[in-house]
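Visitor: Let me begin by handing over the structure; questions about it come next.
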Amino acid sequence: MPEKMACFQYIVAALCFAVLLEGSLSKAQLTPTFYDETCPNVTAIIRHVLVNASFSDPRIGASLIRLHFHDCFVQGCDASILLDDPVNGEKEAIPNNNSARGYEVIDAMKAALESACPNTVSCADILAIASEQSVSTLAGGPSWAVPLGRRDGFTANRTLANSNLPGFNNTLDRLKNRFSNVGLNTSIDLVALSGAHTFGRAQCLTFTSRLYNFTGVGDTDPTLNTTYLEELRQICPQGGNSSVLTNLDPTTPDGFDNNYFTNLQVNRGLLRSDQNLFSTEGADTIEIVNRFSSNQTAFFESFVESMIRMGNISPLTGTEGEIRSNCRAVNSATIRSNSDAALVSSI
């Protein structure tokens, strides 16, 4: 019963926060009830595909929430990361190439929704709902009412993806800059959203410099717990396979909880960017890490609010954008319309 009550409190808080946020942002008119009449089973359909995918891919939840993050940090939450574009595609951007994953599961969700509710649910909203379900259904984290009504963009932006996505080796100042660039808070949003690294995996290439050559002279990262250092060296030997995976949270790798922050307190953050939240001297993020470590409810509440705030980064609404029938490509009518407009402008 306490768990159900806590879950209810997160949902009510999320609804109230979404209403307040909607009133404060003139552009974003998102609401959790957007599909109540046009596709009332949208969440159940997405959940069904997600759960089935998780049976063969236990890290799919963390992968999908990462897609949502990386989408929203580039041109806003417009599903631009899903577009197949050999020239400007964000999939091939340095932070995403051979790293971002889960596209086939999004395709399956879209196909199921097109069968049930044709031309109705945007790919951008699929990412937002899949992220919430990944946290709540798959990993036992908080549930929230996801504001909906986003539409899909027409273009991707590889250049912006390369310059604006947070990176695994970023200093705290660089991380704060990335969050500030998209209008997110550089303390509470940064720490709360980084807490998504409480589940999922990372490749050796994202942290081996900490193990063997931190400053270029064959040294190790002094903020890395020495016992953890040896454990990681066993997983990722020098000169070994850089694509080998290890858990972001060695304590509860598939659960969504506050152990991520407890790990940072004992220098067991896997990525340099994570550990910097706690180990950067004098940083305002240290107090937040300590608070979330001692109070999981505080983390969950802040995470929900920050996820809603991130989901409101420059959404396309109303008549902006489109509802893609295939998340990997803009609709053919849109291509023709854009081509006609270009032809007219050149006459």
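From the backbone N, Cα and C atoms, a Cβ is placed for every residue, glycine too.
Unlike curated records, TrEMBL annotations are generated automatically.
On a predicted model such as this, the values are computed, not experimentally measured, just so you know.
This is the feature table in TrEMBL:
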ACT_SITE  His70  active site, proton acceptor
BINDING   Asp71, Val74, Gly76, Asp78, Ser80, Glu90  Ca(2+) 1 binding site
BINDING   His197  heme b binding site
BINDING   Thr198, Asp249, Thr252, Asp257  Ca(2+) 2 binding site
DISULFID  Cys39-Cys117  disulfide bond
DISULFID  Cys72-Cys77  disulfide bond
DISULFID  Cys123-Cys327  disulfide bond
DISULFID  Cys204-Cys236  disulfide bond
DOMAIN    29-331  domain 'Plant heme peroxidase family profile'
SIGNAL    1-28  signal peptide
Visitor: Just checking the recorded positions Val74, Glu90, Cys117, Cys123, Asp249: which sit within 10 A of His197 (heme b binding site), CA to CA?
Guide: Asp249
Visitor: For the disulfide-bonded residues listed here (Cys117, Cys327), tell me which residue's CB has the most neighbouring CB atoms inside 10 Å.
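Guide: The residue with the densest Cβ neighbourhood is Cys327.
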Visitor: Please list, in sequence order, the residues in the chain of Thr252 (Ca(2+) 2 binding site) that are at least six apart in sequence and whose C-beta is under 8 Å away from its C-beta.
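Guide: Listed in sequence order: Thr198, Phe199, Asn259.
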Visitor: Can you grab the distance from Val74 (Ca(2+) 1 binding site) over to Cys39 (disulfide bond)? Cα atoms, rounded to a whole Å.
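Guide: Here the two Cα atoms are 28 Å apart.
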Visitor: Give me the count of other Cβ atoms within 10 A of the Cβ belonging to Cys77 (disulfide bond).
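Guide: Other Cβ atoms within 10 Å of Cys77 (disulfide bond): 29.
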Visitor: Considering every residue in the domain 'Plant heme peroxidase family profile' (29-331), what is the mean pLDDT value?
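Guide: For the domain 'Plant heme peroxidase family profile' (29-331), the model's average pLDDT rounds to 97.
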Visitor: Measuring Cα to Cα, how many Å separate Cys39 (disulfide bond) from Asp78 (Ca(2+) 1 binding site)?
Guide: 20
